[in-house]
Amino acid sequence: MSEKEANPTFSKSTGLPRKRFYRARAHSNPLSDSHFPVPISPGHVDYSLHYPQHFPSSDQVDSGKKIQFADIGCGFGGLLISLSTLFPETLMIGMELRDKVTEYVKERILALRVTNPGQYQNISVVRTNSMKYIPNYFEKGQLSKMFFLFPDPHFKEKNHRRRVISPFLLDEYAYVLEVGGIIYTITDVEELGDWMKACLENHPMFEALTDEELKADPVTKLLSSATEEGQKVDRNGGQTFRAVYRRVAPSL
């Protein structure tokens, strides 16, 4: 009997970790000071820990190969896993504040790599507070896509400053996104959907994708279907509210 077969936290049929052993709060307070290692700059991110097939050692640096997609508050990793096979040559990372959820995603990715040799080598996850440390992980213009799917709505007005989409934070996201890069947001809370859309609409460095562009983008179809939260909303017959915007150069 293998170690995983004897371990109740893993499914015997799929070899994947069982979510119920990694349950945590729906959301965490992004303003609290959690204790986890943070790189002092993007140049100090150890890619060999996240993508060992691409970077066999921490000494091996490929300046042409960097993370391009970031899933902010990645939850249980459903979107990352779907994107991995859709963009097999693109490095991507999930950023999650909850420790148990982060551990689940790590185990899920490792199990998928074992059961699917050669696949899922381009995705990883890190426990961090993206509202504080985005510039520690990504250089100016490094990212081509950022995802904010079903974030904490923080309903009380006094807590709106905790929302992951805000005018101030959009300045940081614009910094790490390349011109032409895309921010994807979706929620099942209409008021939050209006808030995120208004923040993006009023920011000078973002413009909305047209309906034709949205239809042609294969990623938009995954915003609901690939995530566990989106699947739950669909099962319950709920609505979703989407805002997808492109990073543009500021007008002079």
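A Cβ is built for glycine as well, from the same backbone N, Cα and C atoms used for every other residue.
Quick caveat, the model's predicted, so the values are computed rather than measured.
Annotation source TrEMBL lists active site at ASP152. The S-adenosyl-L-methionine binding site annotation in TrEMBL covers GLY73, GLU96, LEU97, ASN129, SER130, LEU149, THR227, GLU228, GLU229.
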Per DSSP, three-state class assigned to THR227 (S-adenosyl-L-methionine binding site): coil
For ASP152 (active site), the one of GLY73, THR227, GLU229 that lies nearest, given that the binding-site residues are compared by Cα: GLY73
Where GLY73 (S-adenosyl-L-methionine binding site) sits in the secondary structure, as DSSP reduces it to three classes: coil
SER130 (S-adenosyl-L-methionine binding site) CB neighbourhood, other CB atoms within 10 A: 25
S-adenosyl-L-methionine binding residues GLY73, GLU96, LEU97, ASN129, SER130, LEU149, THR227, GLU228, GLU229: largest Cα-Cα distance, in Å and rounded to whole number: 21
Number of other Cβ atoms within 10 Å of the Cβ of ASP152 (active site) across all protein chains: 20
Tertiary neighbours of THR227 (S-adenosyl-L-methionine binding site) (same chain, Cβ under 8 Å, six or more apart): GLY75, GLY78, LEU79, LEU149, PHE150
